[in-house]
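These notes are about the structure you will find just below.
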């Protein structure tokens, strides 16, 4: 039997066994792992001679030189020749002080370290794990609970089932699997409770941790890795988490977890222990064998003492005493291990069922994703809309701020006239009108950063395609941006007194809508590079300000220094500003100055009407053109020419704005493809 076939049988049996196993999984029957004799196991994970080192450059300072001179790279060994085994039906706990190498070891076993950086072998039933195989049969629970706060427990697990379980399973069987897992994790009382966050009351910390575990065991993985699943929990919640893990292990999974200081009750649930110190293994065995091991080393565990805490304290004392101190424990462990043969790789050969060679070729028939492209888009869009609907304040606050901004602009620039002053006031209004959508786009940075962390976790094991996530984001945001643009446009267009009637309003709305969309594309692109909400919002504001400065409002194109002209053409604010300016001023029949109005705001403005009329007569005689008080001196086209808006039509400006939005959208997709792979180097 091939490894792929074993995994597919496990998943395929869900159709036959999910309903019948529901009752069985509701009762968590725990067996004392220390008394188990190793029956022939279905799955054995074997790791041999795992060594991992990192290199970093040291800087050497010279007394005669101010600059630091780079020295040769310094190599630090994080893991040093670690070997052992883990069996299905058992929990293997990795213990040690902070910096001992626990998390690095679990990452190495879970295929989360680049192969070129890691020495040693990791096999399942003697077969090396190909990348495609490992994504299908491995579950990895991170230390942080990355969950959507507005989904209920059942909805969270149901979406995970849709993403991870084979599409051949019916809806009823997937629902039965979710219900069975809820019972197995002890979450029946919280099934309809929202996850919650700082602003919304939800489930407890222990229940959140169990939901996180459920997301990675919904597809019944063969290998389940957990990084500090009990950290930050009280003793009761931590015990309930490990109790659920024990049930998952006994259902046929290999469970490996890191833990810092387990309580006495949790120790009773652990089957095998590995202690690490400074990247070296100092113990590998069952909890029952730890007291005689310590006695043989000359440090007997006192009666009624927590043996795990005692051994951790012993290791800490040896580490702080001298390097030779911990070296003596490592030497003692190696002597004991070589003498007894416990934990050796050779031990596994008589308990493994025969497997065919060539796991890579067998992995070629495993599908990368459980769903087709369009189903992923629908599921992701549905999940996003549920979050938006249950947290209306997120969208409502943005809509309210835009309405306030629109009302403020409308009342300040109320019913502008066609005078010379009206030209400058209209120009100022347009600059502020197109800048506001870009600035407001920064409000979505917090939600994008939250989604990015969940995205990294879900795509690490092929829950869905990156392209599906990008398109679902577009589908869910476009209707919301439409509402924002319509409300903002209607609030500002007619009160300000802009011209063009309904066609003019529709084009103005279209430009504002594209501003919101292009700004959103820019923000989602930037969210791939920032890690903090405050930093992200600051970057968005700064870039919006830079775009406005070079848009052509403060300084015309021909006055911008040549070394900044490239930024002028990349500015998202340039094209909507020129488009709305053309929409307002391109009518050649519209006049803004007639006759003596050309003397307004000049030294001649104080002259009498007769003097001004006489000056018009002199101009007529000098130019040979009849100029009267009814002669148009400044048209809308003259205004555009004075502002340097002569290159593109308003529709061409719209096309360029859409093209820039598409550019940032494509760059966002590239960051998704090249982003974090959840692997160390």
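Each Cβ is built from the backbone N, Cα and C atoms, and glycine gets one as well.
Matching 428-449, 560-581, 582-603 against TrEMBL, the residues noted as transmembrane segment span 428-449. Taking TrEMBL as the reference, the stretch among 373-394, 505-526 described by the feature transmembrane segment is residues 505-526.
As stated in TrEMBL, the feature transmembrane segment covers range 533-555 out of the listed 349-371, 533-555. Long-range contacts of the transmembrane segment (533-555) within the same chain, counting only residues at least 6 positions beyond its ends with a Cβ under 8 Å from a Cβ of the stretch, are 427-428, 430-431, 434-435, 438-439, 441-443, 445-446, 448-449, 519, 522-523, 526-527, 564, 567-568, 571-574, 577-578, 643-645. Fewer than three CB pairs closer than 8 A are found between the transmembrane segment (428-449) and the transmembrane segment (654-675), and contact between the two stretches is not assigned (pairs 6 or more residues apart).
In this chain, the transmembrane segment (505-526) lies apart from the transmembrane segment (395-416): fewer than three C-beta pairs between them fall below 8 angstroms, excluding pairs fewer than 6 positions apart. Counting residues 6+ beyond its ends, the transmembrane segment (654-675) has Cβ neighbours under 8 Å at 455-456, 466-467, 469-470, 474, 510-511, 514-515, 517-518, 521-522, 524-525, 528-529, 570, 572, 575-576, 579, 648 in the same chain.
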